[in-house]
Each structure stands twice: as structure tokens, then as C-alpha cells.
Amino acid sequence: MWLPGLPWALALLVTAASSGPSAEPPDPASIFADLSPAELRAVRTFLMERPELGLSPSQGGPLAKNSLFLVELLPPKKRWALRFLEHGGARPRREARAVIFFGAQAEPNVTELAVGPLPRPSSYRHLPFPGGRAVPFWARPMTRREYELLHRALVAALAPLEPLLREATGFGFQNCSGRCLTFSDVAPRGLGPGERRTWLVIQRFVEGFFLHPAGLEVLLDHRDPDPRRWAVRQLWYDGRYFGSVRELAESHARGELPLARLPEPPARQLFSSYEPRGRFPGGTPAEPHGAKVCEPQGRRYRLRGNRLEYGGWSLAFRLRSSAGLQLFDVRFGGERVAYELSVQEAVAFYGGHSPAAMQTKYMDAGWAMGASSYELAPGVDCPESAAFLDAHHLLDADGPVRFRRALCVFELPTGVPLRRHFDSDFQGGFHFYAGLEGRALVLRTTSTVYNYDYIWDFLLYPNGVLESKVHATGYIHATFYTPEGRRYGSRVHSHLLGNIHTHLVHYKVDLDVAGSGNSFETMDIRFENISNPWSAGARVGWDRSPPAPRLTPPLTCPRYHLAVTRRHENEPSSSSIYTQNNPWDPPVTFESFIRDNETIEDQDLVAWVTVGFLHVPHAEDIPNTATPGNAVGFFLRPFNFFSEDPSVASRAAVIVRPLDPPACSRLQIQRWTPASPGPCLPPEPFSYNGTYRQV
């Protein structure tokens with residue numbers, strides 16, 4: 001956006017309202033808290049009332065308009081936050097990040113603004129992108145309005161194919177009622193900068209429609225802000241390419257097109273549904289409830305706003321709309337070990353024979369994976385005993401939207417002891433047994449980015465270990481089966497190909513170990529051949545194994561399992577919401593973070609961590625990919641940071657000693673918790689809402 005006559009160096013100032021009556025000071029963690037619905041509304045109202053911005057409502061109207069796309073917290077600069085948290089300095093100014101689509105001007109673009117101070121905004125300033133470049137309008141994320149227009153354009157363009165579609169699938173686009181076709185879109189939207197051409201996979205709209213491709217894929221050009229200029233550029237049907245809708249329709253009319261006829265979907269127990277079917281072999285009962293997590297003596301963690309405390313742990317958290325879960329000011333025993341730990345990006349690169357499959361390279365920050373945090377079901381997504389928290393997002397909407405139960409917190413019995421030892425006397429008895437039950441506190445949310453569901457966990461253990469983990473589940477991204485497609489996946493159903501793909505997840509880890517001045521050091525372990533000092537002539541050693549080949553994905557941030565850089569305020573994220581639609585020249589290029597040849601000794605450092613796995617879909621991915629075997633993550637572990645394992649402070653240990661060894665007939669049992677935890681009370685009946693509505 002360019003504002004005529006208004007230099008960027010000057011923020012627009014208006015009179016601020018007087019502050020209200022004094023109240024109890026908020027928790028220091030609140031400087032990292034997500035914007036409240038009132039703050040989101042205040043930012044939107046303030047911007048909508050600025051005449052020089054010329055903003056229109058997000059919903060409805062043309063694409064060639066100025067509209068507010070996203071509002072979320074703009075975290076304070078680290079030095080200001082630490083001055084407040086550590087040295088009693090002033091509370092940092094609370095600001096919002098606002099993303100605006102400027103489509104109603106000669107050179108449309110995307111602009112980001114910092115708006116504040118909150119809760120009563122009175123000014124804004126420009127947030128520059130690296131290199132001072134603007135984000136082109138064609139690189140903007142998709143909106144609900146563009147999808148509405150895309151569907152309308154597709155239905156009109158494919159009208160000549162209605163006889164073909166009805167005959168082959170029994171479904172259609174025209175006057176379809178309960179037997180409609182739909183589509184899924186893939187990205188990137190083109191093969192180079194400036195393009196906005198999207199391959200659309202046509203599917204039957206039944207439960208689990210992701211697994212019901214119709215055999216037709218359509219390339220639709222929608223770069224122009226005027227939908228009247230949109231056009232179908234190419235089609236693919238059952239392995240063959242066609243240059244126009246007319247060419248495909250005429251081929252069918254002449255009887256020259258072999259049709260891929262799909263069977264009628266059953267009314268019940270559709271293969272893509274969750275409806276139970278079949279029986280387990282062996283006859284064990286499946287109807288009774290299984291094991292449950294309970295808290296018979298109440299919660300052992302404290303949740304105050306966005307501050308979470310458990311054992312020696314303390315942290316602040318938020319769920320940002322753009323990229324998801326973010327931790328700040330992570331401490332153990334009162335000492336900070338990390339300033340920030342956050343999800344940055346989740347990518348999935350696919351292979352396939354159809355054009356949609358070979359084009360698919362999903363970068364989920366571009367689909368606002370943080371705002372895809374739909375309701376968590378008690379007893380399924382989280383234990384019934386969990387604490388559930390709502391989230392509020394203002395993304396592609398004309399007001400804040402409430403997402404019920406978007407996060408949960410619960411203590412989890414790990415099912416394996418944290419520590420244990422049986423000290424045998426090797427005479428049929430023992431000297432002692434000691435063990436400490438394994439438990440962890442879990443902070444969880446999910447991202448449902450269309451077909452895939454990501455389950456994001458941060459786990460806090462009593463021994464000072466923090467685990468970051470993501471499970472992948474949901475529907476596979478599947479295409480229509482052709483014999484040629486077998487090179488790129490598995491035939492998982494009669495007309496369905498599960499396409500091979502790689503999941504990569506990128507994290508930011510801003511460690512502050514005993515202060516922000518840290519160094520990065522690796523330890524190399526090697527085998528050594530030496531003369532045995534206690535046996536002359538003998539050698540001690542092993543042959544080295546050859547190193548494994550290195551895999552290099554094409555996206556820069558996942559290219560490294562671990563990259564360590566100096567921390568800079570202008571490098572807050574390794575990706576952006578614009579990378580998906582402009583991967584060729586994105587505004588954020590991670591490679592530039594590590595090519596500046598800066599020293600990383602005694603500096604404020606950030607570790608960028610990539611985890612991932614290769615997924616070769618198989619029949620057992622029907623109806624959904626299961627979480628076992630599809631989880632990756634990493635650990636932050638203390639290394640000579642404590643004088644001993646800090647979990648010795650736990651009172652959940654058990655020590656058993658025989659009073660009459662070696663007979664061991666009388667035992668001394670020591671416990672520091674009540675002898676019986678009490679009954680696990682049945683929770684309230686299952687309930688679920690599932691809505692996310694403007695508030």
C-alpha cells in the first residue's frame with residue numbers, strides 16, 4: 001500500500017481516550033497474551049474508520065477492494081520484554097499486527113501495519129518486509145470471497161461437462177441438491193512469479209470427500225481481480241490432458257472418451273466415514289469404555305490467563321492465527337531456559353502422475369494453520385479432565401471469531417516410570433526397589449488444514465526436559481487412480497491413489513540458558529584404536545560405518561535439521577503467510593538468516609529445528625491416517641545444567657526395602673503421597689459444540 005501525501009516515518013495520531021480506573025496489575029505473562037475479542041474489535045474499528053485506508057468489509061463485494069485480512073498480537077521486542085520481566089522496566093506497549101489487502105488501487109499489494117497502543121488504538125505505522133519490498137497482490141492468501149467466486153466460475157465453466165460428470169459419477173454441479181460435486185485446490189498456484197493458476201481436484205461431495213476424486217482436474221486462471229476474466233486453461237481426465245472444456249465435452253459427445261465410471265456410494269458405512277464396521281478378531285469386548293485419565297485429588301498445575309505453571313516449570317503461551325502455538329519466557333526453577341519456542345511452518349511435498357499431485361507443495365502457514373484450531377473433543381482429543389481454553393481469531397472476517405475449546409492442558413500418565421531400579425541381591429531377594437511414576441504436563445492444540453489434522457503438543461517433564469511433538473492424522477491428499485500413478489503411491493481403494501509425500505515441520509527455539517549470551521557447540525563421538533593397557537598386544541576399537549546420505553528438500557528452511565543463528569528482531573519467523581503463493585521470491589528467505597557469516601559465540605542465539613517423515617500412503621490410511629508411527633518432534637534436555645535430576649523434588653516416588661533380608665518377608669514401603677489416590681470419579685456426560693462464530 002502507498003498512501004499519497006503521508007510519509008511512512010510519520011504514524012497517524014488521534015486523540016487517545018482517557019484510561020479507566022486503576023485495577024490489579026495483570027500477570028507479567030500477559031504481555032504475550034493473544035488479543036482479546038475487545039482488542040480485536042477495537043483494532044478493526046480504528047482501521048475501518050481511517051479514510052485514507054478506504055477499507056471495505058471482508059465478506060462480499062469484489063476482490064479489487066481494500067480489506068482487512070488478519071489482526072493478531074505483535075509481540076514486543078525482546079529487549080523491551082526482558083527489561084520489563086527482569087529489571088522492573090515499563091510494561092511494553094501492546095500492539096497488533098494488521099494485514100491489509102490493497103486491491104482497489106493502481107498497483108495492488110499487501111501491506112502490514114502495527115496498530116496501538118491497545119486496548120485503545122490511536123496510531124499505526126508501516127511494518128516493512130525484508131529488503132523493503134512490497135508483497136504483490138497475486139501472492140496474497142486465499143479468502144472466503146475468492147473461494148466463493150472460484151466455485152461460481154468453475155460451475156459456469158464446466159456446464160458443458162455436466163452430461164459427462166453425471167454419467168461417470170452420478171453427481172454434478174448444476175441443480176445438484178444432495179448429489180453435488182465439489183473441489184479441493186492445490187498450491188503453489190502456478191510455475192513462476194506473477195501467476196495465480198490453480199489446479200482444482202473435482203470430488204464427489206460425500207462424507208470424507210477428500211477420498212472421492214471424480215477423475216477430473218481443472219487448471220483455472222484467477223490472477224485478475226475481476227472474475228469475469230477468469231478462465232479454464234487446461235483439464236486432465238483419467239490420465240489424458242485436454243486444452244479446453246469444449247475439447248473434452250466434444251470427445252465425450254462423439255463417444256471417443258473412455259469414461260471412468262464410479263460406483264454408487266452406499267448410504268451407510270461409506271469407506272471414507274468413521275462409522276464402525278466389522279469386528280475385531282478374538283471377540284474381546286469393544287463396547288465398554290477404555291482406560292481414562294483422571295485427577296482424583298485435583299489438578300497439580302496452575303493456569304492463570306496465558307501463564308502455565310507445573311512443578312518447576314513456568315511459561316507464557318499464545319495461539320497466533322498465522323502459524324499456531326508459541327511459548328514465551330520458559331523457565332524451570334525460576335530460571336529462564338528459553339525466551340521463545342514456536343511452530344514456524346509445516347510443509348508437505350507430494351509426488352504424482354496427475355497435474356494436481358505433481359504440483360502440490362503445501363506450506364501451511366499460508367493457509368493460516370493457527371486459525372484452523374477447531375474444537376477439541378473431551379475424551380478423544382484430550383482427556384475429559386483437561387482444562388479447555390477458547391481462542392479468538394480475526395482472520396478473513398468482519399469481527400473476532402470464537403473457536404471453542406481450541407486448546408487444552410492436562411497431566412498425562414506416560415505409562416512408563418520416569419526412573420526406576422530393582423536392586424537384586426542375586427539370591428532370590430533384593431536390597432531395595434525404587435521408582436518414580438512417569439507424568440508430564442501437555443499443552444495441546446490442533447490445526448485442521450483442509451484434509452490434514454496436525455496435533456501440536458508441548459510436554460513438560462519433572463526432570464527439566466521439554467518435548468515438542470506433532471502428530472499427523474486426518475485424510476490423505478489423494479488423487480484419481482491411474483496405472484501410471486502407481487509409481488508415486490499406493491492404490492488404497494478402487495479409484496483412489498494415495499500419493500507419496502514428505503512432511504516437514506519447522507520450529508524456532510530461542511534458548512536463553514543462564515542468560516541470553518550463549519554459544520553453540522557440538523560434540524563429536526568417535527571410536528579410538530588404542531593399546532589395551534591391561535592386556536599387552538590387544539587392541540580396543542571399532543571400524544567406522546560410512547556416513548548416511550544427506551537429503552536436501554527444496555524449501556530453504558527445512559533444508560537443515562538444525563541451524564543456529566544470531567537473534568535479530570527483523571528475523572522473527574522463518575516463513576510467512578505469503579510463501580505458499582509466492583515460493584519463488586518470498587518476502588522471508590531463511591537462507592539469508594545463515595549466510596551473513598555472523599559469530600555465534602557468546603551471543604543471543606536461535607536454534608531453527610526441522611523434523612519430518614516420509615509418508616507412503618497405504619490401505620490402512622483409510623479412512624484416516626492414524627497417529628501411531630506418524631509423530632515427530634524433538635527434546636530440550638538439560639546437560640550439566642543442574643547438580644542432579646530435578647525430579648528428586650517430586651513426592652511421587654516409591655521405595656521398598658526388605659526389613660528381614662534375605663527372606664524379604666517383611667517390607668518397608670515409603671511413599672510421600674496418600675496411600676490411595678481415591679476413586680476416579682466419572683466425568684460429566686460427553687458434550688460438543690463444534691461452532692466457531694463471530695462474537
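One-based numbering along the chain as shown.
A Cβ is built for glycine as well, from the same backbone N, Cα and C atoms used for every other residue.
Per TrEMBL, active site, proton acceptor is recorded for D364.
Summarising the annotation, TrEMBL assigns active site, schiff-base intermediate with substrate to Y452. Sequence-distant neighbours of Y452 (active site, schiff-base intermediate with substrate) (same chain, six or more apart, CB under 8 Å from its CB) are A348, A472, T473, G474, Y475, H477, listed in sequence order.
The domain 'Copper amine oxidase N2-terminal' annotation in TrEMBL covers 39-123. Taking H, G and I as helix, E and B as strand and the rest as coil, DSSP gives the domain 'Copper amine oxidase N2-terminal' (39-123) the counts 20 helix, 27 strand, 38 coil.
Positions annotated as domain 'Copper amine oxidase N3-terminal' by TrEMBL: 140-239.
As annotated by TrEMBL, domain 'Copper amine oxidase catalytic' applies to 292-528 (among others).
The domain 'Copper amine oxidase catalytic' feature in TrEMBL is assigned to 559-647 (among others).
Sequence annotations record features per position, and here TrEMBL assigns 2',4',5'-topaquinone to Y452.
As annotated by TrEMBL, signal peptide applies to 1-19.
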>> Around the C-beta of D364 (active site, proton acceptor), how many further C-beta atoms are within 10 angstroms, looking at every protein chain?
In response: 25
>> Could you tell me the mean pLDDT the prediction assigns to the domain 'Copper amine oxidase N2-terminal' (39-123)?
In response: 96
